[in-house]
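Here is what Swiss-Prot says about this protein:
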type	residues	note
TRANSMEM	8-28	transmembrane segment
TRANSMEM	81-101	transmembrane segment
TRANSMEM	114-134	transmembrane segment
TRANSMEM	159-179	transmembrane segment
TRANSMEM	186-206	transmembrane segment
TRANSMEM	237-257	transmembrane segment
TRANSMEM	265-285	transmembrane segment
TRANSMEM	304-324	transmembrane segment
């Protein structure tokens, strides 16, 4: 078969990797919603979903079927085009980011030299999904939720980017694979501890997860910017939130905890174990912490996260200059 040139084989391998990663990430994100409900029940001394299938294992399938058969209703006062576009952006923005995450030394869909910048770009794109949803719904609660989400996300993306600059400076590259390889002897969480703390806080805020879920606070805004959504459009928002958790957890592992590196076990297994640990931490945070006021969330960012990131950058620069001489 003369058409099977090395270039065609590379393209086919990339497509296969992309499809596998897409299926794995979406499946993990979907089943994380089931795991969260079961674990929250355990933490709160009650039963979670346990009726559909063995131990509730088919609850996710029941939820998907329910969403598929619900009416895909668009309010007559909404802007139809933007209203439909918003959940698609919310679902795909952080999902595409997973393409640059190296799962193992040989398994990465897109090995960009600007991987860190690509992640920041896609995280910034997620803001538009919230803004479009809140504005196009033509609902005051949706708009208030979108305004909260935009201010919160844009603020915490500043700290998200600054927290990564120390890692980039220490590794000497924006490439995520090179950053993982630079942690062969010492994980970045040790010299970049302040950067990790800030990245973790900003990552939770970008995902709009508890305790940074003020944009969709049920008691104040009646579910915020996706109050008018139903059916599969709401399902895209719902699954997109958990896909974002999977992506942020994978990036924490890649940037601060050595990525695929570890003894004895295959690289993919190490990467999966570390990522699953941080996914469980998202659930534990939701179970353990209360929701603060919106002004307290913004104060945490500008009064604590910003000084921490600047201190981390100064310390990293001092260490690099000292080692250079």
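A Cβ is built for glycine as well, from the same backbone N, Cα and C atoms used for every other residue.
It is 186-206 that, among the stretches 8-28, 81-101, 186-206, 237-257, 265-285, forms the most Cβ pairs under 8 Å with the transmembrane segment (304-324).
Residues 82-83, 85-87, 89-90, 93-94, 96-97, 100, 142-147, 149-150, 153-154, 157, 160-161, 164, 167-168, 174-177, 179, 206, 208, 215, 224-226, 229, 237, 240, 244, 251 of the same chain lie 6+ residues outside the transmembrane segment (114-134) yet bring a C-beta within less than 8 angstroms of a C-beta in it. Within the same chain, residues 95, 98-99, 103, 107-110, 239, 243, 246-247, 279 sit at least 6 positions outside the transmembrane segment (8-28) and bring their C-beta atoms closer than 8 Å to a C-beta of that stretch. Under 8 Å from some Cβ of the transmembrane segment (186-206) lie the Cβ atoms of residues 123, 126, 152-153, 156-157, 159-160, 162-164, 166-167, 170-171, 179, 212, 244, 248, 251-252, 255-258, 282, 285, 297, 300-301, 305, 308-309, 311-312, 315-316, 319, all in the same chain and six or more residues away from its ends. Away from its own ends, the transmembrane segment (265-285) comes close to residues 28, 32, 35-36, 39-40, 43, 103-105, 107, 204, 207, 209-211, 245-246, 248-250, 252-253, 257-259 of its chain (Cβ-Cβ under 8 Å, at least six residues beyond either end).
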